[in-house]
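**Student:** I'd like to ask some things about the structure below.
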Amino acid sequence: MLPPSGFAGLVPPSHFQARPLPTLPRMAPTWASDVPLVQSPASQDVLERRLDAQRSTVTTWGQDFCGDGQGLGRRGRSLELGFSSALSQQAELISRQLQELRRLEEEVRSLRETSLQQKMRLETQAVELDALAVAEKAGQAEAEGLRTALAGAEMVRKNLEEAKHKELEEIQSLHQEQLSSLTQAHQKALDSLASKAEGLEKSLNSLETKRAGEAKQLAMAQKEADMLRNQLSKTQEELEAQVTLVESLRKYVGEQVLPEFPSQEWELERKELLDTLKHLKEDRADLQATVELLQVRVQSLTHMLALQEEELTRKIQPLDPLEPEFPKKCRSLLRNWREKVFALMVQLKAQDLQHRDSTSQLRIQVAELQEQVTSQSQEQAILQRALQDKTAQVEVERMSTKSLQMELDQAQEARRRQEQQIASAEEQLKFVVGAMNSTQAKLQSTMTRMDQAVARIPSLSNRLSYAVRKVHTIKGLMARKVALAQLRVESSPPSEAAPPLDTDLSVELEQLREERNRLDAELQLSAHLIQQEVGRAREQGEVERRRLIEVAQQLEQELQRAQESLASVGQQLEAARRGQQESTEEAASLRQELTQQQEIYGQALQEKVAEVETRLREQLSDTKRRLNEARREQAKAVVSLRQIQHKATQEKERNQELRRLQDEARKEEGQRLTRRVQELERDKNLMLQRLLAVLPSGVNKKCSPRSVESSSSESPAAASCKESVKGSLTVLLDNLQGLSEAISRDEDICVEDNQNTKKTKNPPSDPLLS
């Protein structure tokens, strides 16, 4: 029987009830950044020492329990308390490790987010560096474009100067040729007026010279057309280049200049030149036809005159020796009349030809002067447009210099921003590298701790299994002790004061059994749960370890990439700095060149403007002088035309007077001849009457046959003489009538020709006369 004093230090059953384990909050700890993530090795050593001490106490408790039976309840309770405290500590350790694993997961997520942000920043920096490189390339391209534009402007200026010099030389040569041709034409006209007898030959020579001049003019026109075509092609190319340049630079100038179409003007000029060539060819063909007709008429007239002279010389013979002056007078009168008529006809034809030549020359001169005026006005307009283009180019260059200055300022500001961004990026990269190194060190430390915890899990499981076995042995010993106590109680004699004690003991024993069963069930359940939690924690730890290894590898790769990108960014930064220095140097040199070019170009432009103004003034004065000369020549031509018309009217009046005089002379000569014949017949009759009266009648009788014979002989002689005189007179009259008819026909033809020429010349001659 157990002594009652042995149960005096028993613990109530409520003390052995299951206590809930302390649960830590799942929220993120506030001491994550201040307290170290994992417990220090000193705390781990303390925990291990506590576990060893508990293990030693458990073993000593078992030994004492085996050796001593009185302190069984106390030792069992202390053992259970120690075991429950060890389990609670292990559960706390496991929960702390789980919390640390969760905190590590959160840190890994935050590191991933920071790495993604750093990647984005690096990508933005790379994009900005690419944009800077593109901007630098664009600046270099613009600088090269400005250089090429300056070179092109210089080439255009040189080409324009050469073309203007060539045009001036060509215009001077053309003016000299025109002046020489005009002087030659005037000299020829004066020579033709001075020498009327050689008018036809000189007109033919003048026509030949005109033909040669027209051929020369045609050749010159063809050359000019070729030159104009070449110039057209060159100017079209230059204009296309200028149009492209103007269109590309309109946004700087702000002016919307309508594109010019000089090709249409050149086409119109070419068409006008072709029309003038056609008209000249037609005029030349007409002149050739008129010359041929005139030659035919002259030949026919000379032939007719030769025939008439032969007939007159053959028919008119001196029959009357008493009157030898009559045929001479007739011949002289006829010759003078022929010469005068021929001279008048030649003069009229020469005047008509001169009038035609002068009018055609005046028309040609007026057309040439008009063409010169139009060409000079076109040149003036072209030069004004060129000046406007040059001023626009100067303004564009000024705007481009301003834009380049602004771009340089922007590039410098961008460079400063890039330097600041690069410095901030370097600092961020340094911070990221430090954070990565710290996270890598923390990950390595956590991995080592996880490995240590995983390595300690088998030893802890062995300890748990050993503790379970010890509990079973203790339970068996306890049951044996209880059974021995019951046997002792049963074998001991009952006493009077013992029943209440037995009832208390039995109640306490029942409670102890229940408590034992409950604790046994709890121990088994807790051991099973601990094993499950340990397995789950082991699996989670393995998975987390693998994931952390992968994350660490990824972070290492990202770190390497970041370092490589940092190196490339540094290289690009160095290249960008070098390119920026080169661009700044090139910009400075370009500024100097641009200022020099602007000064040179401004001086050259001012000189060119002054030269163009002086040349235009000279050309305007020359054109005014030529216009005045042309007007004076036109007035002279009008005066000469009026004089020629007056002379023609006077010549017509003279011709009419001569015809009237010739008719009167012819009538008087016929009357005189008839009177002479009548007087001769009367004298003859008187002589015959006197002879008949003087001679005696005998003699008359004797001599009657003789007289009859003589009269018969004289009568045929007189008759023959009369017949010859009458025949000569009739022939002369017939010749005179034929000549007068021929002259009248020629005059009618000349009058018709004059009327036709006047009709054809009156419409264009009105502006000249006005």
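Here the Cβ of each residue, glycine as well, is placed from N, Cα and C on the backbone.
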**Student:** Kindly point out the range from 53-72, 173-192, 573-592 that Swiss-Prot annotates with region 'Disordered'.
**Tutor:** 573-592
**Student:** Of the residue ranges 370-391, 700-721, which one carries the region 'Disordered' annotation in Swiss-Prot?
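**Tutor:** In Swiss-Prot, residues 700-721 carry the label region 'Disordered'.
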**Student:** Across the whole of the coiled coil (56-289), what does the mean pLDDT come to? Round it, please.
**Tutor:** 69
